[in-house]
Each structure stands twice: as C-alpha cells, then as structure tokens.
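Peer 1: Relevant sequence annotations retrieved from Swiss-Prot are reproduced here:
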COMPBIAS  54-65  compositional bias 'Polar residues'
REGION    54-98  region 'Disordered'
REGION    145-172  region 'Disordered'
COMPBIAS  151-172  compositional bias 'Basic and acidic residues'
BINDING   H170, C189, C214, C217  Zn(2+) 1 binding site
BINDING   C193, C205, C207, C210  Zn(2+) 2 binding site
Amino acid sequence: MDQFIKQDETGDLIETGMNVANHFLSAPIQGTNSLSKASIIPGVAPVLIGNPEQKNIQHPTASHQGSKSKGSGSGVRSIIVPPSEASNGGTQIPEPLFAQTGQGGIVTTVYQDPTIQPTGSYRSVELAKIGKERMINRFVEKPRTSTPVTEFKRGGREPCSRPDNPRGGHRREWSLSWVQGEVRVFEWCNPICSPITAAARFHSCKCGNCPAKCDQCERDYGPP
C-alpha cells in the first residue's frame with residue numbers, strides 16, 4: 001500500500017479544507033448551533049459531522065454574566081489565583097534599591113575594581129560574579145589574634161530580643177540587585193516569627209514577642 005500522498009491528492013485536500021473554512025467563516029454564528037449537523041454542507045467533510053457534537057461544551061451566554069442569581073446559581077465563576085507569596089502577608093518593597101524615608105533599611109553599593117573590566121557578551125555575568133564575591137567577603141570576619149571571651153550573665157538581655165522571651169527578635173535580610181554596572185545591596189530587619197519570602201518584604205511581628213527595633217536595625221532609621 002502506497003503511504004505517500006500524490007500531488008493531485010494534496011491539491012484536493014487543500015481545496016476541501018479551504019471550502020470548509022470558508023463555509024464556517026461565512027455562516028452566521030448562532031452559539032452552539034454553529035457546530036450542528038445542519039451547519040455542515042453534506043459531502044464536504046463527513047468526518048467533521050460527529051466530532052463537533054462530542055466536543056461541544058455549553059457555556060453561559062453574555063446576558064447571564066454579571067447578573068445576580070437568587071439561591072444557588074449554575075453560572076461559571078472566574079477564579080483568580082493569587083501569587084504564591086500572597087498568603088505570607090507583609091508589605092512588599094516596591095523598589096528595594098532605594099530606601100524610603102522612615103521605611104528602614106540601608107542601601108550600599110559594591111564598587112567594582114576599575115582595573116577589571118571584562119568585555120564581550122558575558123561582561124554582565126563576569127561583573128556580577130565579581131560583585132557577588134565582594135559582597136560575600138563583606139560578612140567574613142578577619143582573623144583574630146586572640147580568642148574573645150564572652151561573659152555570661154544569667155537573665156541578661158540578648159541582642160534583638162525582649163527579656164521576657166529570648167526567642168523573639170529580628171533577623172537580617174539582604175536583597176542583591178545589578179544596576180547600571182554595579183551591585184547594590186539593600187538590607188533590612190524582619191521579625192524572626194515572620195516567613196522568609198523570595199521577594200523583598202517588610203513583615204510585622206505575629207507572636208507579640210519581637211521588639212519594634214533591634215540593635216541591628218536602629219541604624220536603618222538614621223539618627224534619632
């Protein structure tokens with residue numbers, strides 16, 4: 001059996017398909033009736049007669065949309081799926097690169113070495129890699145000549161926590177961004193009881209034990 005389609009058969013198939021398309025384009029649209037058996041010309045495409053009715057799904061007309069129904073309505077409601085982090089609450093920081101007055105947080109810039117200027121299509125990638133390394137090195141403590149001795153006092157107040165509940169406190173968060181050839185870092189504090197999100201957000205205390213400000217974020221608001 002020959003599995004190849006001849007050139008004249010290809011032309012007939014194309015012509016048949018064009019006739020079917022022109023028929024549906026020229027026929028008036030009458031809701032679900034436009035796909036009934038009566039709307040298809042006999043002999044044009046017999047295989048299309050049974051398929052449309054199997055796939056036909058009735059939808060409410062436009063006149064029912066937006067109307068209020070009494071009791072349990074059978075209309076279709078649109079479902080809006082919120083972002084995955086919407087349930088976490090908090091106030092999203094619209095522009096974490098520039099701290100607003102009274103908002104809290106510090107913006108610092110990791111300057112690049114002027115002698116290192118990569119070129120080519122991977123310039124931004126190389127500069128970002130350099131900025132990331134310098135950003136990480138900022139938080140690496142230098143070697144100490146002597147071992148520090150911490151004096152423990154029972155009942156003493158821990159940093160960033162209330163004396164009645166040492167579990168409450170703040171955690172420091174950072175957001176790195178690449179802006180105009182330099183790496184900018186925005187850092188701020190959030191209560192430790194708040195969730196950690198991918199987007200930069202300010203959260204409020206949920207447990208009631210976290211202070212409004214801690215030793216780390218006092219400098220975020222400037223001088224008192």
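The backbone N, Cα and C atoms fix where each Cβ goes, and this holds for glycine too.
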Peer 1: Where does C217 (Zn(2+) 1 binding site) sit by DSSP, helix, strand or coil?
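Peer 2: SS state of C217 (Zn(2+) 1 binding site) = coil.
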Peer 1: Just give me the nearest neighbour of C210 (Zn(2+) 2 binding site) among the binding-site residues H170, C189, C217, Cα to Cα.
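Peer 2: So, spelling it out, the nearest of the binding-site residues is H170.
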Peer 1: Check the Cα-Cα distances from C207 (Zn(2+) 2 binding site) to the binding-site residues H170, C189, C214, C217 and tell me which is shortest.
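Peer 2: Considering only the listed binding-site residues, the nearest one is H170.
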Peer 1: Between H170 (Zn(2+) 1 binding site) and C193 (Zn(2+) 2 binding site), how many Å separate their Cα atoms?
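Peer 2: Spelling it out, the Cα of H170 (Zn(2+) 1 binding site) and the Cα of C193 (Zn(2+) 2 binding site) are 8 Å apart.
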Peer 1: According to DSSP, does H170 (Zn(2+) 1 binding site) sit in a helix, a strand, or coil?
Peer 2: strand
Peer 1: May I ask you to report the DSSP-based helix, strand or coil state of C205 (Zn(2+) 2 binding site)?
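Peer 2: DSSP call for C205 (Zn(2+) 2 binding site): coil, neither helix nor strand.
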Peer 1: Between C189 (Zn(2+) 1 binding site) and C205 (Zn(2+) 2 binding site), how far is it from one CA atom to the other, in Å?
Peer 2: 11
Peer 1: Roughly how many Å separate the Cα of C193 (Zn(2+) 2 binding site) from that of C214 (Zn(2+) 1 binding site), to the nearest whole number?
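Peer 2: Each residue's Cα considered, C193 (Zn(2+) 2 binding site) and C214 (Zn(2+) 1 binding site) end up 14 Å apart.
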